[in-house]
Amino acid sequence: MPSPVAFDVDRLRDPALRPIAEKVRAGERLTREDGVALFRSHDLFGVGAMADAVNRARHGDVVTFASNQHINPTNVCVLRKTCAFCGYARLPKEDGAYRYTLDQVLAEAAHAADGLTREFHIVGGLDMQAGLAYYDAMFRALKANFPHVHIKALTAVEIAHIARIEKMSWSEVLVALREAGLDTLPGGGAETFSAAVREQIAGKKLGGADYIGVHRAAHQLGIRSNCTMLYGHVESFEERLEHLQMLRDLQDETGGFLAYIPLAYHPDDNELGKRLGRQGTSTTGFDDLKNLAVGRLFLDNFAHVKSHWIMVGQAVSQVALHFGVNDLEGTVVREKIYHAVGARTSQSMSLDDLLRLIRGAGKLPAERDSFYRTLRTFDGPTPAVAAA
Ligand code: V47
Ligand code: SF4
(Lines of atoms letter the chains of each structure in order from A; the text may use other names.)
(Lines give C-alpha, C1' and ligand atoms only; values in the text may rest on other atoms or scores of the structure.)
(Ligands and ions follow the chains in the order given, each with its own letter.)
Protein backbone atom coordinates (compact mmCIF):
# COMPACT_ATOMS: atom_id res chain seq x y z
CA MET A 1 0.00 0.00 0.00
CA PRO A 2 1.19 3.58 -0.57
CA SER A 3 2.64 5.68 2.26
CA PRO A 4 1.53 9.18 3.27
CA VAL A 5 3.31 11.93 1.32
CA ALA A 6 3.78 15.61 2.15
CA PHE A 7 1.92 17.64 -0.47
CA ASP A 8 0.48 21.14 -0.48
CA VAL A 9 -3.07 20.81 -1.84
CA ASP A 10 -3.19 24.57 -2.46
CA ARG A 11 -0.81 24.09 -5.39
CA LEU A 12 -3.65 22.58 -7.42
CA ARG A 13 -5.53 24.73 -9.91
CA ASP A 14 -8.14 22.09 -10.75
CA PRO A 15 -10.60 21.54 -7.85
CA ALA A 16 -11.37 18.04 -9.23
CA LEU A 17 -7.86 17.02 -8.17
CA ARG A 18 -8.28 18.00 -4.51
CA PRO A 19 -9.89 14.78 -3.25
CA ILE A 20 -7.20 12.79 -5.11
CA ALA A 21 -4.44 14.89 -3.55
CA GLU A 22 -5.96 14.27 -0.11
CA LYS A 23 -5.69 10.53 -0.78
CA VAL A 24 -2.08 10.88 -1.96
CA ARG A 25 -1.28 12.80 1.21
CA ALA A 26 -2.97 10.20 3.39
CA GLY A 27 -1.32 7.29 1.60
CA GLU A 28 -4.65 5.95 0.32
CA ARG A 29 -4.89 3.93 -2.83
CA LEU A 30 -6.39 5.66 -5.90
CA THR A 31 -9.45 4.19 -7.65
CA ARG A 32 -9.89 3.79 -11.39
CA GLU A 33 -12.20 6.81 -11.35
CA ASP A 34 -9.39 8.82 -9.73
CA GLY A 35 -7.05 7.69 -12.49
CA VAL A 36 -9.53 8.78 -15.18
CA ALA A 37 -9.92 12.16 -13.43
CA LEU A 38 -6.15 12.61 -13.50
CA PHE A 39 -6.13 11.99 -17.26
CA ARG A 40 -9.13 14.34 -17.78
CA SER A 41 -7.61 17.21 -15.83
CA HIS A 42 -5.76 19.96 -17.69
CA ASP A 43 -3.84 20.83 -14.54
CA LEU A 44 -0.73 19.03 -15.76
CA PHE A 45 1.45 20.71 -13.15
CA GLY A 46 -0.94 19.62 -10.40
CA VAL A 47 -0.86 15.99 -11.56
CA GLY A 48 2.90 16.19 -12.02
CA ALA A 49 3.47 17.73 -8.59
CA MET A 50 1.61 14.87 -6.92
CA ALA A 51 3.57 12.27 -8.90
CA ASP A 52 6.80 14.12 -8.10
CA ALA A 53 6.00 14.12 -4.37
CA VAL A 54 5.37 10.35 -4.43
CA ASN A 55 8.51 9.72 -6.46
CA ARG A 56 10.71 11.89 -4.22
CA ALA A 57 9.40 10.11 -1.13
CA ARG A 58 10.64 6.83 -2.62
CA HIS A 59 13.79 7.82 -4.46
CA GLY A 60 14.81 11.33 -3.39
CA ASP A 61 16.69 12.95 -6.28
CA VAL A 62 18.30 9.77 -7.60
CA VAL A 63 17.67 8.87 -11.25
CA THR A 64 18.89 5.49 -12.44
CA PHE A 65 19.79 4.07 -15.82
CA ALA A 66 21.30 0.84 -17.13
CA SER A 67 23.87 0.47 -19.87
CA ASN A 68 22.08 -1.86 -22.20
CA GLN A 69 22.20 -3.08 -25.74
CA HIS A 70 19.14 -3.94 -27.81
CA ILE A 71 19.38 -6.98 -30.06
CA ASN A 72 16.45 -7.79 -32.37
CA PRO A 73 17.39 -11.21 -33.77
CA THR A 74 14.47 -11.70 -36.17
CA ASN A 75 11.85 -9.43 -37.70
CA VAL A 76 9.95 -12.35 -39.21
CA CYS A 77 6.53 -12.46 -37.61
CA VAL A 78 3.37 -14.49 -38.18
CA LEU A 79 1.28 -11.53 -36.98
CA ARG A 80 2.78 -9.14 -39.52
CA LYS A 81 -0.60 -8.46 -41.14
CA THR A 82 -2.59 -8.13 -37.94
CA CYS A 83 -0.61 -5.87 -35.57
CA ALA A 84 -1.66 -2.64 -37.25
CA PHE A 85 0.75 -0.45 -35.25
CA CYS A 86 3.92 -2.40 -36.06
CA GLY A 87 6.32 -1.22 -38.76
CA TYR A 88 9.10 -3.61 -37.86
CA ALA A 89 7.80 -7.09 -38.72
CA ARG A 90 8.08 -8.84 -42.11
CA LEU A 91 6.70 -12.05 -43.60
CA PRO A 92 9.42 -14.67 -44.21
CA LYS A 93 9.78 -13.98 -47.96
CA GLU A 94 9.18 -10.24 -47.81
CA ASP A 95 11.85 -7.67 -48.67
CA GLY A 96 13.79 -6.72 -45.58
CA ALA A 97 13.00 -9.91 -43.64
CA TYR A 98 15.93 -11.18 -41.62
CA ARG A 99 16.79 -13.78 -39.01
CA TYR A 100 20.25 -13.65 -37.48
CA THR A 101 22.42 -16.70 -37.30
CA LEU A 102 24.12 -17.35 -34.00
CA ASP A 103 27.31 -15.81 -35.41
CA GLN A 104 25.43 -12.66 -36.38
CA VAL A 105 23.97 -12.37 -32.89
CA LEU A 106 27.43 -12.76 -31.40
CA ALA A 107 28.87 -10.21 -33.82
CA GLU A 108 26.20 -7.71 -32.81
CA ALA A 109 26.74 -8.52 -29.13
CA ALA A 110 30.47 -7.88 -29.55
CA HIS A 111 29.93 -4.25 -28.45
CA ALA A 112 29.57 -5.72 -24.96
CA ALA A 113 33.23 -6.70 -25.02
CA ASP A 114 33.93 -3.12 -23.86
CA GLY A 115 32.83 -4.30 -20.41
CA LEU A 116 30.40 -1.38 -20.12
CA THR A 117 27.25 -3.09 -21.37
CA ARG A 118 25.44 -4.76 -18.49
CA GLU A 119 22.26 -5.93 -20.16
CA PHE A 120 21.15 -7.41 -23.47
CA HIS A 121 17.54 -6.53 -24.27
CA ILE A 122 16.52 -9.16 -26.82
CA VAL A 123 13.13 -9.11 -28.55
CA GLY A 124 11.93 -10.00 -32.03
CA GLY A 125 9.03 -11.26 -34.12
CA LEU A 126 6.96 -14.43 -33.75
CA ASP A 127 9.08 -16.45 -36.16
CA MET A 128 8.16 -20.10 -36.79
CA GLN A 129 11.87 -20.87 -37.28
CA ALA A 130 12.86 -19.27 -33.98
CA GLY A 131 11.72 -21.78 -31.39
CA LEU A 132 13.20 -23.03 -28.17
CA ALA A 133 16.38 -24.43 -29.76
CA TYR A 134 17.12 -21.06 -31.44
CA TYR A 135 16.92 -19.06 -28.23
CA ASP A 136 18.47 -21.80 -26.11
CA ALA A 137 21.59 -21.77 -28.28
CA MET A 138 21.63 -17.95 -28.39
CA PHE A 139 21.39 -17.44 -24.63
CA ARG A 140 24.00 -20.13 -23.89
CA ALA A 141 26.44 -18.59 -26.37
CA LEU A 142 25.85 -15.07 -25.03
CA LYS A 143 26.42 -16.22 -21.46
CA ALA A 144 29.56 -18.12 -22.48
CA ASN A 145 31.00 -15.05 -24.21
CA PHE A 146 29.65 -12.30 -21.96
CA PRO A 147 29.07 -13.88 -18.55
CA HIS A 148 28.74 -10.48 -16.87
CA VAL A 149 25.83 -9.38 -19.07
CA HIS A 150 22.25 -9.85 -17.87
CA ILE A 151 19.82 -11.30 -20.43
CA LYS A 152 16.44 -9.55 -20.46
CA ALA A 153 14.71 -11.28 -23.31
CA LEU A 154 11.46 -12.32 -24.95
CA THR A 155 8.14 -10.65 -24.30
CA ALA A 156 5.18 -12.58 -22.90
CA VAL A 157 3.90 -12.82 -26.47
CA GLU A 158 7.12 -14.48 -27.65
CA ILE A 159 7.13 -16.87 -24.68
CA ALA A 160 3.54 -17.89 -25.55
CA HIS A 161 4.55 -18.28 -29.23
CA ILE A 162 7.46 -20.59 -28.38
CA ALA A 163 5.19 -22.57 -26.05
CA ARG A 164 2.67 -23.01 -28.85
CA ILE A 165 5.13 -24.14 -31.50
CA GLU A 166 6.96 -26.45 -29.07
CA LYS A 167 3.71 -27.74 -27.51
CA MET A 168 4.96 -26.84 -24.07
CA SER A 169 3.41 -24.86 -21.21
CA TRP A 170 4.51 -21.26 -20.57
CA SER A 171 6.24 -22.40 -17.38
CA GLU A 172 8.11 -25.19 -19.15
CA VAL A 173 9.42 -22.73 -21.72
CA LEU A 174 10.45 -20.28 -19.01
CA VAL A 175 12.26 -22.96 -17.02
CA ALA A 176 14.12 -24.18 -20.12
CA LEU A 177 15.13 -20.65 -21.11
CA ARG A 178 16.26 -19.82 -17.60
CA GLU A 179 18.48 -22.89 -17.75
CA ALA A 180 19.96 -21.44 -20.94
CA GLY A 181 20.64 -18.02 -19.39
CA LEU A 182 17.44 -15.94 -19.41
CA ASP A 183 17.42 -13.61 -16.40
CA THR A 184 14.32 -11.40 -16.71
CA LEU A 185 11.49 -10.64 -19.16
CA PRO A 186 11.00 -7.24 -20.81
CA GLY A 187 7.57 -5.63 -20.74
CA GLY A 188 6.72 -5.50 -24.45
CA GLY A 189 3.66 -7.01 -26.09
CA ALA A 190 1.18 -5.55 -23.59
CA GLU A 191 -0.16 -2.85 -25.96
CA THR A 192 -3.52 -1.95 -24.37
CA PHE A 193 -5.29 -4.86 -22.70
CA SER A 194 -8.91 -3.87 -23.44
CA ALA A 195 -10.41 -6.51 -25.78
CA ALA A 196 -12.14 -3.79 -27.82
CA VAL A 197 -8.86 -1.94 -28.39
CA ARG A 198 -6.92 -5.11 -29.14
CA GLU A 199 -9.53 -6.04 -31.74
CA GLN A 200 -8.74 -2.78 -33.56
CA ILE A 201 -4.96 -2.68 -33.27
CA ALA A 202 -3.74 -6.25 -32.71
CA GLY A 203 -6.64 -8.64 -33.32
CA LYS A 204 -4.62 -11.88 -33.25
CA LYS A 205 -2.11 -11.04 -30.56
CA LEU A 206 -2.00 -12.76 -27.17
CA GLY A 207 -4.83 -11.23 -25.08
CA GLY A 208 -4.40 -9.08 -21.99
CA ALA A 209 -5.35 -11.85 -19.55
CA ASP A 210 -2.78 -14.18 -21.12
CA TYR A 211 -0.07 -11.49 -21.05
CA ILE A 212 -0.76 -11.25 -17.32
CA GLY A 213 -0.78 -15.09 -17.15
CA VAL A 214 2.70 -15.40 -18.67
CA HIS A 215 4.08 -12.75 -16.30
CA ARG A 216 2.37 -14.50 -13.37
CA ALA A 217 4.01 -17.79 -14.42
CA ALA A 218 7.40 -16.05 -14.63
CA HIS A 219 6.99 -14.37 -11.23
CA GLN A 220 5.98 -17.68 -9.66
CA LEU A 221 9.25 -19.14 -10.94
CA GLY A 222 11.17 -16.21 -9.47
CA ILE A 223 11.75 -14.57 -12.87
CA ARG A 224 11.16 -10.81 -12.52
CA SER A 225 9.76 -8.75 -15.38
CA ASN A 226 8.84 -5.29 -16.63
CA CYS A 227 5.51 -4.18 -18.00
CA THR A 228 4.34 -1.57 -20.48
CA MET A 229 1.27 0.12 -21.93
CA LEU A 230 1.09 1.41 -25.50
CA TYR A 231 -0.92 4.66 -25.43
CA GLY A 232 -1.93 7.40 -27.80
CA HIS A 233 -3.78 5.40 -30.48
CA VAL A 234 -7.49 4.47 -30.14
CA GLU A 235 -7.76 3.77 -26.42
CA SER A 236 -9.92 5.77 -23.99
CA PHE A 237 -8.87 7.00 -20.55
CA GLU A 238 -11.10 4.30 -19.03
CA GLU A 239 -9.28 1.65 -21.08
CA ARG A 240 -5.91 2.97 -19.88
CA LEU A 241 -7.13 2.52 -16.32
CA GLU A 242 -8.45 -0.98 -17.01
CA HIS A 243 -4.93 -1.81 -18.19
CA LEU A 244 -3.20 -0.21 -15.20
CA GLN A 245 -5.59 -1.98 -12.84
CA MET A 246 -4.60 -5.39 -14.26
CA LEU A 247 -0.92 -4.54 -13.77
CA ARG A 248 -1.50 -3.30 -10.21
CA ASP A 249 -3.53 -6.42 -9.35
CA LEU A 250 -0.77 -8.78 -10.53
CA GLN A 251 1.81 -6.75 -8.65
CA ASP A 252 -0.29 -7.07 -5.48
CA GLU A 253 -0.36 -10.82 -6.04
CA THR A 254 3.30 -11.51 -6.92
CA GLY A 255 5.43 -8.37 -6.44
CA GLY A 256 7.36 -9.56 -9.47
CA PHE A 257 7.30 -6.44 -11.64
CA LEU A 258 10.45 -4.34 -11.57
CA ALA A 259 9.31 -1.34 -13.59
CA TYR A 260 6.43 0.16 -15.52
CA ILE A 261 7.17 1.81 -18.89
CA PRO A 262 4.42 3.66 -20.79
CA LEU A 263 5.15 3.53 -24.53
CA ALA A 264 4.08 6.41 -26.78
CA TYR A 265 2.50 5.23 -30.04
CA HIS A 266 4.39 6.31 -33.17
CA PRO A 267 2.06 6.56 -36.19
CA ASP A 268 4.55 6.58 -39.09
CA ASP A 269 5.10 3.66 -41.46
CA ASN A 270 2.39 1.46 -40.00
CA GLU A 271 -1.18 0.60 -41.04
CA LEU A 272 -2.82 2.05 -37.95
CA GLY A 273 -1.20 5.44 -38.50
CA LYS A 274 -2.58 5.48 -42.08
CA ARG A 275 -6.01 4.32 -40.95
CA LEU A 276 -6.20 7.04 -38.32
CA GLY A 277 -4.77 9.67 -40.68
CA ARG A 278 -2.20 10.36 -38.00
CA GLN A 279 1.06 10.03 -39.92
CA GLY A 280 3.61 12.59 -38.83
CA THR A 281 1.71 13.35 -35.61
CA SER A 282 3.08 11.58 -32.60
CA THR A 283 1.72 11.80 -29.06
CA THR A 284 1.83 15.20 -27.35
CA GLY A 285 4.27 16.17 -24.61
CA PHE A 286 1.24 16.78 -22.41
CA ASP A 287 -0.02 13.22 -22.81
CA ASP A 288 3.47 11.73 -22.48
CA LEU A 289 3.98 13.45 -19.12
CA LYS A 290 0.46 12.56 -17.99
CA ASN A 291 1.01 8.87 -18.73
CA LEU A 292 4.21 8.81 -16.72
CA ALA A 293 2.69 10.74 -13.81
CA VAL A 294 -0.52 8.71 -13.69
CA GLY A 295 1.54 5.51 -13.82
CA ARG A 296 3.48 6.71 -10.77
CA LEU A 297 0.31 7.66 -8.87
CA PHE A 298 -1.93 4.71 -9.72
CA LEU A 299 0.74 1.98 -9.61
CA ASP A 300 1.49 2.60 -5.95
CA ASN A 301 2.99 -0.88 -5.57
CA PHE A 302 5.64 -0.32 -8.27
CA ALA A 303 9.05 0.96 -7.23
CA HIS A 304 10.17 2.13 -10.67
CA VAL A 305 8.63 4.16 -13.48
CA LYS A 306 10.81 4.37 -16.56
CA SER A 307 10.74 6.92 -19.35
CA HIS A 308 11.84 5.64 -22.72
CA TRP A 309 13.65 8.61 -24.26
CA ILE A 310 13.78 6.90 -27.64
CA MET A 311 9.99 7.12 -27.84
CA VAL A 312 9.23 10.49 -26.26
CA GLY A 313 12.50 12.28 -26.95
CA GLN A 314 15.24 13.41 -24.63
CA ALA A 315 13.56 16.73 -23.79
CA VAL A 316 10.32 15.19 -22.52
CA SER A 317 12.25 12.46 -20.70
CA GLN A 318 14.29 15.09 -18.88
CA VAL A 319 11.20 17.03 -17.80
CA ALA A 320 9.59 13.72 -16.79
CA LEU A 321 12.18 13.45 -14.03
CA HIS A 322 9.96 16.01 -12.24
CA PHE A 323 6.75 14.13 -13.12
CA GLY A 324 7.24 10.88 -11.22
CA VAL A 325 9.97 9.20 -13.28
CA ASN A 326 13.00 7.73 -11.49
CA ASP A 327 14.56 5.68 -14.29
CA LEU A 328 15.62 6.28 -17.88
CA GLU A 329 16.02 3.69 -20.60
CA GLY A 330 19.75 3.40 -20.72
CA THR A 331 22.58 3.96 -23.12
CA VAL A 332 20.79 1.82 -25.66
CA VAL A 333 22.91 0.60 -28.54
CA ARG A 334 21.16 0.41 -31.91
CA GLU A 335 17.46 0.52 -31.31
CA LYS A 336 15.42 -0.69 -34.34
CA ILE A 337 11.76 -1.17 -33.48
CA TYR A 338 10.72 2.48 -32.98
CA HIS A 339 12.99 3.72 -35.70
CA ALA A 340 10.95 1.54 -38.05
CA VAL A 341 7.84 3.54 -37.13
CA GLY A 342 9.13 7.07 -37.27
CA ALA A 343 11.05 7.73 -34.04
CA ARG A 344 13.37 10.61 -34.88
CA THR A 345 15.53 10.31 -31.80
CA SER A 346 19.08 9.03 -31.92
CA GLN A 347 19.52 5.24 -31.85
CA SER A 348 21.80 5.42 -28.83
CA MET A 349 22.98 7.91 -26.21
CA SER A 350 26.45 8.17 -24.77
CA LEU A 351 27.04 8.00 -21.05
CA ASP A 352 28.14 11.64 -21.02
CA ASP A 353 24.94 12.78 -22.71
CA LEU A 354 22.82 10.77 -20.32
CA LEU A 355 24.63 12.23 -17.30
CA ARG A 356 24.23 15.74 -18.71
CA LEU A 357 20.52 15.17 -19.18
CA ILE A 358 20.00 13.89 -15.61
CA ARG A 359 22.21 16.50 -13.96
CA GLY A 360 20.64 19.25 -16.03
CA ALA A 361 17.36 18.42 -14.26
CA GLY A 362 19.06 18.83 -10.87
CA LYS A 363 19.05 15.07 -10.27
CA LEU A 364 21.68 12.60 -9.16
CA PRO A 365 22.55 9.98 -11.78
CA ALA A 366 23.25 6.40 -10.73
CA GLU A 367 24.05 3.46 -12.93
CA ARG A 368 22.07 0.38 -11.86
CA ASP A 369 22.02 -3.28 -12.69
CA SER A 370 18.94 -5.00 -14.09
CA PHE A 371 17.55 -5.57 -10.57
CA TYR A 372 17.91 -1.86 -9.74
CA ARG A 373 20.93 -2.31 -7.48
CA THR A 374 23.22 0.72 -7.65
CA LEU A 375 26.50 -0.01 -9.42
CA ARG A 376 28.06 3.43 -9.38
CA THR A 377 27.16 7.00 -8.68
CA PHE A 378 28.67 10.03 -10.32
CA ASP A 379 29.95 12.58 -7.86
CA GLY A 380 30.91 16.11 -8.62
CA PRO A 381 29.04 19.37 -8.90
CA THR A 382 25.85 19.51 -10.89
CA PRO A 383 26.48 21.89 -13.77
CA ALA A 384 24.22 24.94 -13.94
CA VAL A 385 21.47 24.64 -16.54
CA ALA A 386 23.16 27.10 -18.88
CA ALA A 387 26.30 24.97 -18.94
CA ALA A 388 24.48 21.63 -18.94
O1 V47 B 1 5.19 -4.20 -27.41
C2 V47 B 1 5.65 -1.41 -31.56
C3 V47 B 1 5.97 -1.18 -29.06
C4 V47 B 1 6.99 -2.64 -27.73
C5 V47 B 1 5.18 0.65 -32.05
O6 V47 B 1 10.96 -3.91 -20.61
C7 V47 B 1 5.52 0.56 -30.71
O8 V47 B 1 12.63 -2.56 -20.20
C9 V47 B 1 5.20 2.79 -30.49
O10 V47 B 1 8.19 -3.09 -24.68
N11 V47 B 1 4.81 2.95 -31.77
C12 V47 B 1 8.27 -3.39 -27.44
N13 V47 B 1 5.53 1.62 -29.94
C14 V47 B 1 9.31 -2.56 -26.66
C15 V47 B 1 9.15 -2.60 -25.18
C16 V47 B 1 10.23 -2.07 -24.28
C17 V47 B 1 11.03 -1.02 -24.66
C18 V47 B 1 12.03 -0.58 -23.79
C19 V47 B 1 12.25 -1.19 -22.57
C20 V47 B 1 11.43 -2.25 -22.21
C21 V47 B 1 11.68 -2.96 -20.93
C22 V47 B 1 10.41 -2.69 -23.06
O23 V47 B 1 7.20 -1.65 -28.72
C24 V47 B 1 5.86 -3.40 -28.31
C25 V47 B 1 4.99 -2.30 -28.76
O26 V47 B 1 4.15 -1.88 -27.73
N27 V47 B 1 5.79 -0.71 -30.45
N28 V47 B 1 5.28 -0.58 -32.58
C29 V47 B 1 4.80 1.91 -32.58
N30 V47 B 1 4.35 2.07 -33.85
FE1 SF4 C 1 4.93 -9.26 -34.59
FE2 SF4 C 1 5.33 -7.93 -32.31
FE3 SF4 C 1 5.17 -6.59 -34.67
FE4 SF4 C 1 2.97 -7.74 -33.61
S5 SF4 C 1 4.16 -6.06 -32.70
S6 SF4 C 1 3.67 -7.87 -35.77
S7 SF4 C 1 3.82 -9.57 -32.63
S8 SF4 C 1 6.76 -8.07 -34.09
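Glycine too: its Cβ is placed from the backbone N, Cα and C atoms.
Remember, TrEMBL labels are computer predictions, not curated facts.
Taken verbatim from TrEMBL:
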BINDING   Cys77, Cys83, Cys86  [4Fe-4S] cluster binding site
BINDING   Phe85, Glu191  S-adenosyl-L-methionine binding site
DOMAIN    63-299  domain 'Radical SAM core'
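Ligand 2 lies under 6 Å from the Cβ of the following binding-site residues, listed in sequence order from Phe85, Cys86, Glu191: Cys86. Around the Cβ of Cys83 ([4Fe-4S] cluster binding site), a 10 Å sphere holds 25 further Cβ atoms from the protein chains shown. Note on Cys86 ([4Fe-4S] cluster binding site): other Cβ atoms within 10 Å of its Cβ, all shown chains, come to 24. Shown in sequence order, Leu79, Arg80, Thr82, Phe85, Tyr88, Ala89, Gly125, Leu126, Ala202, Lys205 are the same-chain residues outside Cys77, Cys83, Cys86 whose Cβ sits within 8 Å of the Cβ centre of the [4Fe-4S] cluster site. Annotation note: Cys83 ([4Fe-4S] cluster binding site) sits in a strand segment as assigned by DSSP. Proximity of the binding-site residues (Cys77, Cys83, Cys86) to ligand 1: a Cβ under 6 Å from the molecule is found for Cys86.
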